[in-house]
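Engineer: Just lifted these from TrEMBL, have a look:
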DOMAIN    7-179  domain 'Reelin'
DOMAIN    219-333  domain 'DOMON'
DOMAIN    337-551  domain 'Cytochrome b561'
SIGNAL    1-16  signal peptide
TRANSMEM  376-397  transmembrane segment
TRANSMEM  403-424  transmembrane segment
TRANSMEM  431-449  transmembrane segment
TRANSMEM  461-480  transmembrane segment
TRANSMEM  492-514  transmembrane segment
TRANSMEM  526-545  transmembrane segment
TRANSMEM  552-575  transmembrane segment
Amino acid sequence: CSPLLIFILCSETVICYSDGKVEVACGDMTPQHGHEPITKNPPFNITADKSQFSPGDKIKVTLSMASSSEGKHYFKGFLIEARNAGNLNEIVGSFKLIDPEISQLLTCDSKEGSAVSHTGKSHKTEVQVIWVAPSDSPSSVQFLVTVAQGYKEYWVKSPGPVVSQNGVAPPPQTTFGGSIGAQTTTSSILSRSFTSEGCGSMKSCLRDPEGCDPQNDTACHFLSFRALGSSVMFELSGPAEGYVSFALSQDKWMGKDDVYLCIRDTDRVEIKAAYVSGRTHPVYSSQNILKDTAWRLSDGVIQCSFRRDIILPPENLNRFSLDQMYYLFMAHGRAEDGRTHRHDRQPLISTYQTKITGPPEDLTGSRSPLLMKYHVFFILFFLLFFFFCFWFFFFFFFFFFVFFYFFFFFFFFFFFFFFFFFFYPQLHRMLMALTVLLTLVGFVLPFMYRGGWSKRAGIHPYLGCVVMALAVIQPVMALFRPAPDASRRYIFNWMHFGTGTAAQVVAVVTIFLGIHQQALSLPAPWSTGVLAAIVVWFVLADLVLEVHQRGFLPIVLAIYLCGNLGFLTVLLWTISAV
């Protein structure tokens with residue numbers, strides 16, 4: 001995800017891949033849709049133009065809709081393979097294409113061209129391919145096909161014709177409809193809601209908001225787990241339109257994660273195990289590794305529970321052993337007809353790794369990565385507070401000293417005169433350079449987090465680049481500042497003022513757009529209101545300071561600085577709590 005995670009909209013095609021690159025399904029030929037295949041007679045036929053062959057022969061294989069089929073008279077996705085009739089786990093021979101526009105070759109079991117699939121999700125009524133018999137062909141070969149008419153309508157490993165070598169009697173064929181090896185799991189309905197009672201003492205819990213109880217808080221996102229002998233019982237709950245999920249991860253980045261989803265499908269919930277190898281579609285497990293599954297729907301909250309063995313057989317390659325340390329991800333989002341969309345918010349990620357079978361803990365987590373929090377900290381502190389206020393600090397200190405310590409004025413008059421007229425220009429340049437440097441740090445952090453440019457952040461990163469450019473232009477422009485008595489000094493003054501003002505205005509707009517980015521997502525409308533108050537505060541303060549620039553009032557600047565510090569403290573507290 002992510003960090004996780006995890007869940008992106010899948011198109012209504014075989015194995016969620018509209019381009020037909022479905023090598024991941026070569027073995028069991030099962031679409032990773034998270035639904036059970038249809039077991040009634042399939043509405044299509046698969047035929048071969050020969051029943052006998054010799055090594056090197058070519059056989060035309062045709063997949064077509066049955067003329068007597070009801071309902072849809074087309075299919076979208078398909079996967080055709082030829083297998084040893086005596087051992088259906090062995091892929092045999094290779095294919096050649098007749099129509100490359102609707103079909104393509106796949107490499108299965110390290111054999112190039114050993115399977116054929118679709119190239120797009122267009123409606124098809126017939127597909128023809130050529131199968132080439134290998135020199136080491138077994139005595140009999142059977143064609144198998146998986147066909148998908150829609151996301152929830154598909155047939156797996158439907159048996160096709162058996163062809164045999166010349167002189168070999170064909171084995172008896174069994175004609176039946178449906179799928180080979182389809183597995184089903186029956187889930188029960190939970191009688192009552194989960195509770196946070198026992199969190200930290202009897203079971204480990206991860207909750208958002210922290211300390212919430214799913215029994216009486218419908219906004220509570222809740223995950224609990226506890227060891228039961230050789231297995232672990234999981235409970236997952238949260239408000240969502242389509243699904244709630246959690247993942248086990250070895251780091252805080254999305255990819256190579258063991259995922260578990262509770263997906264709402266109309267008036268029921270399907271509980272699935274999946275695996276994500278990166279920022280890609282979740283690949284659902286074809287093995288039934290979840291036991292004692294149960295679910296509940298109430299007041300927009302999805303709840304599910306299941307039990308999973310701590311150690312699984314070796315064939316479950318993408319399932320993690322539960323006796324190790326992992327980060328926990330929690331995510332939720334929308335789903336349509338059982339298809340999951342990308343998660344609505346940044347996943348909640350546990351603060352540290354925890355051992356699933358370890359002692360009970362009351363875990364904490366955050367939806368905002370630390371790098372993004374630092375990004376906002378640098379931008380807010382050094383752009384809104386430091387940039388606006390620091391030069392006022394010195395004037396405030398000077399006038400405060402003069403106003404309240406008039407008795408010492410004559411003793412320090414020459415010191416301040418020397419300081420402001422000889423050292424302040426250098427200090428001003430130094431602080432400007434420091435501001436640019438720290439703003440640059442804040443600018444770089446999101447790129448470090450994303451590993452590149454974010455395609456989902458809208459106009460926010462573009463405006464950020466504008467702010468960064470304006471911040472760099474300011475000190476560069478200052479290097480070419482003309483003398484105070486130069487005839488064109490006024491041009492520099494207006495350009496310097498205009499660039500600084502433009503940077504402030506664009507920075508404010510950028511921050512408003514950034515506080516609701518998914519990687520941060522500060523609570524609305526609270527955070528928006530605070531930022532709006534800061535903008536009003538700055539405008540009013542600038543007007544007051546402009547009016548009193550000739551007769552400076554120290555108390556005005558004191559209130560201004562205290563207000564800035566107060567607003568900044570509130571925002572930083574809000575960010576730290578995300």
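In case you wondered, yes, glycine gets a Cβ from its N, Cα and C as well.
Nobody curates TrEMBL annotations by hand; they come from automatic prediction.
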Engineer: Go through the chain and flag residues at least 6 beyond the ends of the transmembrane segment (461-480) whose CB is under 8 A from any CB in it; none is fine as an answer.
Structural biologist: 383, 429, 432-433, 435-436, 439-440, 443, 446, 453-454, 492, 495-496, 499-500, 502-503, 506-507, 509-510, 513-514
Engineer: Over the domain 'Reelin' (7-179), what is the model's average pLDDT?
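Structural biologist: Computed over the domain 'Reelin' (7-179), the mean pLDDT is 81 on the 0 to 100 scale.
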Engineer: Could you give me the DSSP helix, strand and coil counts for the domain 'DOMON' (219-333)?
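Structural biologist: Residue counts for the domain 'DOMON' (219-333) by secondary structure: 0 helix, 71 strand, 44 coil.
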